[in-house]
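Right, one structure below, let's go through it.
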Amino acid sequence: MESMVKKLKQNLRTGSWKKKEKSMKKERWFLENGSIFLKELIVDCNGKSIPIRSFTSSQIRKATKNFDLSCFVAEEGFYIWYKGVIEDRSYMIKRFSEYKVTDYRVSEVYKDIVLSARMSNHNNFLKLLGCCLEFPFPVLVFEFAEHGVLNYRGGITVNGEESLLPLSLRLKIGKEIANALAYLHMAFPKIIIYRDVKPLHVFLDNNWTAKLSDLSFSISLEEGKSQIEAEDVLGTYGYLDPLYFATRIVTEYTDVYSFGVFLMVVITGISVYFTGSDGYPVGILGYMKGLAENGKLNEIVYPMIMKEMTSAQRLQVEACVLLALRCCEERVEDRPKMIQVAKELKRIEHHVLRS
């Protein structure tokens, strides 16, 4: 009996120490993350206040059922998106993986937080509402996107089933993401280059408004400068500008190229790479170029939507593809600026609505 009591006391002491150790860990993470975050935010915002709510780790764990698969939305690189409810309000919750964020990626995590906070006043960026500093890396809390994130073919996936969106909505998404990129390029003294435009970074809210997310690969040019040499080539294969890939030189046209590929995917519903009739992989850019050069854009395959499109709508899809091909010209001098792309897409969208 005495030995059992001794054992129980020992277990209680151990449990108490573990709880204390866990609490100390959370406090250390809070102080470290808070210090870095505050420093970066002050530098970025010139001391201006940006209201961001602070959440506790218990709130985050309860909202996501301790990061359960039932709350899973999407996984991308070194983070996972969850949906969760806190105080009767739905949120998108972004958790960085402490196992996948290597030393050189730590700065990208904080860059994502700071730039997301700065972009929160623009309707086409996913709005950052708060964060929790009680994890190895801050857990971010964003506005809820009811219709989720675009899949690799520019559609949405519901209960495992892919669904392509109506042409009018796909045009709207293209225009809104073009607006978001133009904002990055023009709204600040230092041009911001996004560097990783692709469907998996685009969320849709309850009004089907497109929201660009993940600014971790973004890079700012020096004030008055039009280019910068990056330390590393960051982005997604298939969407990368070949000039940037070869030289590491980043300009606003780096985004224009990636957006061109993005637009082709979203408008046609064809993935960036697909299997050709000969069984070999085909890139969407080469495929579209071939059709355009041979005057066969009318032969574009529209998976699952061909029968639903009018001849007028097909002509508008062709116009979008031709615009996208201009974005992907080899020489940057031959590519339009993002603001020009956004204006052209608005013109095409309005023409479709009248058709």
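The backbone N, Cα and C atoms fix where each Cβ goes, glycine too.
Swiss-Prot annotates Val73, Ala74, Glu75, Glu76, Gly77, Phe78, Tyr79, Ile80, Trp81 as ATP-binding residues; of Lys62, Lys94, Lys111, the candidate listed for that same site is Lys94. Same-chain residues with CB within 8 A of the center of the Val73, Ala74, Glu75, Glu76, Gly77, Phe78, Tyr79, Ile80, Trp81, Lys94 CB atoms, the ATP site residues themselves not counted, are Arg95. Across the structure, Gly77 (ATP binding site) and Asp196 (active site, proton acceptor) are spaced 12 Å apart at their Cα atoms. The recorded positions under consideration are Glu75, Asp196. Their Cβ neighbour counts within 10 Å are lowest for Glu75.
Each residue contributes its Cα atom, and for Asp196 (active site, proton acceptor) and Tyr79 (ATP binding site) these two points are 15 Å apart.
Around the Cβ of Gly77 (ATP binding site), a 10 Å sphere holds 17 further Cβ atoms from the protein chains shown. Here the binding-site residues are Tyr79, Trp81, and the one ringed by the most other CB atoms within 10 angstroms is Trp81.
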